[in-house]
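Single-structure report; data block below.
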Amino acid sequence: MLALQGGVREHERMLDGLGATVVRVRRPEELAGVDGLVIPGGESTVIARLAALAGLTGPIRVAIGAGMPMLGTCAGLILLADALEDAAAGQETFGGLDIVARRNAFGAQTESFETLLDVPDMGEEPVRAAFIRGPVVASLGPAASALARHDDGRIVAVEQGALLATAFHPELTGETRFHERFLGQVRAAAA
Ligand code: GLN
């Protein structure tokens, strides 16, 4: 669990409930000891800055290149995007997903909402998704695939190899399937 800033505890609770051993990653030595990384929601500019200060940016990029499974939610999706449409001055991402993300695509914090999404890859039951100043996938490159779309057709969940990212917060609505999918990748990679 990348624990520099943002909604760390909700993810920890969910991962714990699914039987995972959860370790907080704040330094490169801690990253070296894990088999997968969850990047939480929060403020992507702040997480990126703290990661750089902690000397984690390079090691996270290396881990992504080496195929470490990662799940990013909201700010986590922004940080896993190869490019941003509207990067803040100097804002960098870890990259890995062949997408261009657009930050704050659903308006302000007060316009947060919950909705049900059909996610064919996750079975019949719709996904209850909480959007809190969430991003959107503005464009999808050939290496990434769309897992979920909002009612208006905009892409809000993507997958590429061992990387999984959602523009919404499954950890806030008791939606376990994304974390289960991530843990499946972690177990496969660690086996
Ligand atoms: N708007 C935030 C950002 O740009 C993301 C919001 C969230 O993670 N809930 O990082």
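For all residues, glycine too, the Cβ spot is worked out from N, Cα and C.
Positions annotated as L-glutamine binding site by TrEMBL: G42, E43, S44, R103, I132, R133. The active site, nucleophile annotation in TrEMBL covers C74. Residues or ranges marked as active site, charge relay system by TrEMBL: H169, E171.
Sequence-distant neighbours of the residue listed as 'active site, nucleophile': residues of the same chain at least 6 apart with a C-beta under 8 Å from its C-beta are P40, G41, G42, I132, R133, G134, P135, T166, A167, F168, H169.
Excluding G42, E43, S44, R103, I132, R133, which define the L-glutamine site, the same chain contributes G6, G41, C74, A75, I78, N104, G134, P135 within 8 Å (Cβ to the Cβ centroid), listed in sequence order.
For the pair formed by E43 (L-glutamine binding site) and E171 (active site, charge relay system), distance between Cα atoms is given as 16 Å, rounded to the nearest Å. Only I132 of the recorded positions listed as I132, H169, E171 bring a Cβ under 6 Å of any atom of ligand 1; the order follows the sequence. In the three-state DSSP scheme, I132 (L-glutamine binding site) falls into the coil class. Following the DSSP three-state reduction, the secondary structure of E171 (active site, charge relay system) is helix. Rounded to a whole number, the C-alpha distance linking S44 (L-glutamine binding site) with E171 (active site, charge relay system) is 17 angstrom.
For the L-glutamine site listed in the record, the two most distant Cα atoms among G42, E43, S44, R103, I132, R133 lie 13 Å apart. Every protein chain shown contributes to the tally, and the Cβ of S44 (L-glutamine binding site) ends up with 29 other Cβ atoms within 10 Å. Each of the recorded positions E43, E171 was scored by the number of other CB atoms within 10 Å of its CB, and the largest score is that of E171. In this structure, the CA atom of R103 (L-glutamine binding site) is 20 Å away from the CA atom of E171 (active site, charge relay system).
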